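Q: Pasting a structure below so you can have a look.
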Amino acid sequence: MEEELVDGKVDWRGRVAVRHKHGGMKVSLLVLGAFAFENMATLSLAVNLVSYFNSIMHYELADAANMVTNFMGVSYILSIVVAVLADTWIGRYKSVLFSGFFECLGLALLTVQAHSTNLRPALCNLYDKNAVCEKISGNHEAFLFIGLYLLAFGSAGLKASLPSHGADQFDERDPKEAKQMSSFFNGLLLAVCVGGSVSLTFNVWIQNSKGWDWGFGVSTIAIVLATIIFAFGLPLYRIHVAQRTNCIIEILQVYIAAIRNRNIPLPADSIELYEIEQDKEAAMELEYVPHRDIFRFLDKAAIERKSEKQEVPNPWKLCRVTQVENAKIILSMIPIFCCTIIMTLCLAQLQTFSVQQGFTMDTRITKHFNIPPASLPIIPVAFLIIIIPFYDRICVPLLRKFTGIPTGVTHLQRIGVGLILSCISMGIASIIEVKRKTVARDNNMLDAVPGVQPLPLSIFWLSFQYFVFGIADMFTYVGLLEFFYSEAPKGLKSTSTCFLWSSMALGYFLSSIMVQIVNSATKNVTASGGWLAGNNINRNHLNLFYLLLSLLSLINFFVYLLVSKRYKYRPQAPAVKGVNSMEGIYG
């Protein structure tokens, strides 16, 4: 029986990967396990670091919220840097190992600082108006930021490389493996939910009950386990060979060449545009993408002048049609990318201000057990753990019969559902905040101390906004990961998944900017000095801020409908099977 080779992938010894020996669904479970442990380590920090910065390091509430969103933003934006390195230099497998090391180092430094009283401010009651609480500063603040951003860099690397390496275990041109890859991306969200459920319960309980030194320590152990689990699969992985050419540079070359040739008329027939012969391409193991009649101005980069026909082409003056088409693909994805930024802006509020709302409310579940406010996202997470397998195993096959699409619905349809649900989530959040403030006012508790004098209102009222946004997560973020990976050029697979993380990074940065803009714009029209100013959330106007985000999300959704309707999916080349499959066409 002849072996079936996999184009463009090798095993750990550098030999061409064999389809039934390397990769597939079983080995991708190791990637999902590593991703679950990574989220176990970090998700509790995303929702609870505001409390750490506010109560332990003595930053003001708005400053603490901005520190968290800036940290999250940097973590996601750095994923682009790591992805480019993974695609063009060190490879995705090594990128995961290096990133795991840096994340462990950052968490270890934060553990040391949280444990040592000499590296942080003295304990102080921020809600005592007569207390003078010293904020962390100087070398101690520098120590905090070094640990925090080493953690951000390591987390960025894992987010950049793990999903792409997992997707590398499947051949999207093979019908069976295309379906498995769709299940893998659904499994990624399931891994986030499983790891997140532990993080939002056990980790948060450790942080609040045993101390932040124990909390950071548990996260450190989780990252060590994630790295070990991932490394264990080395003999079974299909490994992407790092391309020494930089695809980002190749896309820049298209724009430069198009500008240089801007005065040359386009040929009547696109077959006259420059391209290497396909049989020669197969021998050189290059990607081939057919010409499409979109963004025709970029086609000028592939106009071959008579004086250049006998010369080795200068890539800054003449580009292949495939190179031009790859640039078109990236350009056409940008509007989709931009429309998803605002969703993370909404997510940032659930991870910061909504947690602070929870501290003012009744957290009792039973007489002897209280749920930590930072653990509230466990409600949608627990629901997603149930609904994701249901969606993947029942809904997708059912939808596939009607639509004929391997993923059930198109990636863009899936993203759109999530965007409208995030709009609804912010509307619900605004209504719940009005109710919460009404209860505080009616009970004369506007100045009650959070956590000490809880309002007579259950924290589970906040679960509605978390629940709806959790469903939005399942549709939009997984849809985006799969969309970017499937549509991106071969040399930009890792970088393409970072479009999601970059979208999230910009959303977190935008959150910090929005908080400052809103506070500045409303400084003189509210008694609190701004909608979100000060430490007393009962005196703020968070409901109006949520309503503003809901309206912006609705406008964003209608813009998305327009740009998604105009998007044209890239053509996919069929998989080529057999012992000579390395001679196939890359698509």
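Each residue, glycine too, has its Cβ placed from N, Cα and C.
Got these off TrEMBL a minute ago, pasting:
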- 29-53: transmembrane segment (TRANSMEM)
- 73-90: transmembrane segment (TRANSMEM)
- 97-116: transmembrane segment (TRANSMEM)
- 142-162: transmembrane segment (TRANSMEM)
- 183-206: transmembrane segment (TRANSMEM)
- 212-234: transmembrane segment (TRANSMEM)
- 329-351: transmembrane segment (TRANSMEM)
- 371-391: transmembrane segment (TRANSMEM)
- 412-432: transmembrane segment (TRANSMEM)
- 464-485: transmembrane segment (TRANSMEM)
- 497-518: transmembrane segment (TRANSMEM)
- 544-563: transmembrane segment (TRANSMEM)
Q: For the transmembrane segment (183-206) and the transmembrane segment (212-234), decide whether they are in contact, meaning at least 3 CB pairs lie under 8 A, counting pairs 6 or more apart in sequence.
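A: Since 3 or more Cβ pairs under 8 Å link them, the transmembrane segment (183-206) and the transmembrane segment (212-234) do come into contact.
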Q: Quick test of the contact rule: Cβ under 8 Å, at least six residues beyond the ends. What residues does that give for the transmembrane segment (212-234)?
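A: For the transmembrane segment (212-234), the list is 12, 27, 30-31, 33-38, 40-42, 44-45, 48, 52, 56, 93, 96-97, 100-101, 103-104, 107-108, 110-111, 114-115, 154, 158, 162, 195, 202-204, 206.
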Q: Any contact between the transmembrane segment (464-485) and the transmembrane segment (544-563), i.e. 3 or more CB pairs below 8 Å with pairs at least 6 residues apart?
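A: By the criterion, they do not touch.
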Q: If you count every Cβ pair below 8 Å, which range out of 412-432, 497-518, 544-563 shares the most with the transmembrane segment (329-351)?
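A: Stretch with maximum Cβ contacts: 497-518.
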Q: What parts of the chain pack near the transmembrane segment (412-432), using Cβ distances under 8 Å and only residues at least 6 beyond its ends?
A: 336, 339-340, 342-343, 346-347, 349-350, 354, 461-462, 464-466, 468-469, 471-480, 483, 543-544, 546-547, 549-550, 553-554, 556-557, 560-561, 564, 567
